[in-house]
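*Asks:* Annotated transmembrane segment per TrEMBL: 6-31, 38-65, 71-95, 116-138, 158-177, 209-228, 240-262, in sequence order. According to TrEMBL, the domain 'G-protein coupled receptors family 1 profile' annotation covers 20-260.
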């Protein structure tokens, strides 16, 4: 096959995604202090994005070196599983942040740990089921007219994935609106109790809302174009449209480590310790709420 520049860009993106998220996975896995629920959820997100990056690399390698229907189904299944797990992990992190603020007094309990494992099981269980559908026969290899903008996914399969994304986005939007309200209320209460100036309360509230807006805005700008195109497009549309909407979606997996991991002070401490060759698993950590991450 003639080398497609878009495939090269996707492969490069997959390499960057894999390297970034591999660092996060290794740091969380090998640091005993990172066993709190919020770090488990960040680890789940990093694992999903790592698999997405590897899937993009394997897709490029298999398309140009080992082209076959079976391999195509496996790579597409891996990509569907990993990207679905990534989006669902973002939802679980949002839920965890909301509950850490709404139930602040009972958040650090065994029930939180149990809830976290249940969310992880549901996230990866649903993602694996979505990814197995093409392998189990729900594909368009025998009926090309039923193909979606991504072969060999069927149009109905991609519509379900797109609708699922809109549902996840709607829930995240609602939760972040509630988080903003709680943050504003807490900031006002603290300002009243400590006799802060109104300007100080305004700056603190604005900073918190701006952070949440960046998180949700990044997620929406990366995934909405592809989700909309997945609903409206079909196999007859030019491949250029698919690449132009799919590439921003992959950038979400590239940005996630920056937003959810590298901004965390505990993870920063470990990374600096590793860079200075003085890593110790007994480094002191300050317990933080997910709302601080």
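Residue numbers in this text run from 1 along the chain shown.
For all residues, glycine too, the Cβ spot is worked out from N, Cα and C.
Heads up, TrEMBL stuff is auto-annotated, nobody curated it.
Quick one: how deep are these features, and who are their neighbours?
*Replies:* Remote same-chain partners of the transmembrane segment (38-65), defined as residues 6 or more beyond its termini with a Cβ less than 8 Å from a stretch Cβ, comprise 1, 3, 7-8, 10-11, 13-22, 24-25, 28-29, 71-72, 75-76, 78-79, 81-83, 85-86, 88-90, 92-93, 96, 100, 116-117, 119-120, 123-124, 127, 250, 253-254, 256-257, 260-261, 264, 288-290, 293.
Below 8 angstroms of C-beta separation, residues 38, 41-42, 44-45, 47-49, 51-52, 54-56, 58-59, 62-63, 116, 119-120, 122-124, 126-128, 130-135, 139, 141, 150-153, 161, 164-165, 168, 171-172, 175-176, 219, 223, 249, 252-253, 256, 260, 290 of the same chain, each at least six residues beyond the ends of the transmembrane segment (71-95), sit close to that stretch.
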*Asks:* On the 0 to 100 scale, where does the mean pLDDT of the domain 'G-protein coupled receptors family 1 profile' (20-260) fall?
*Replies:* 85
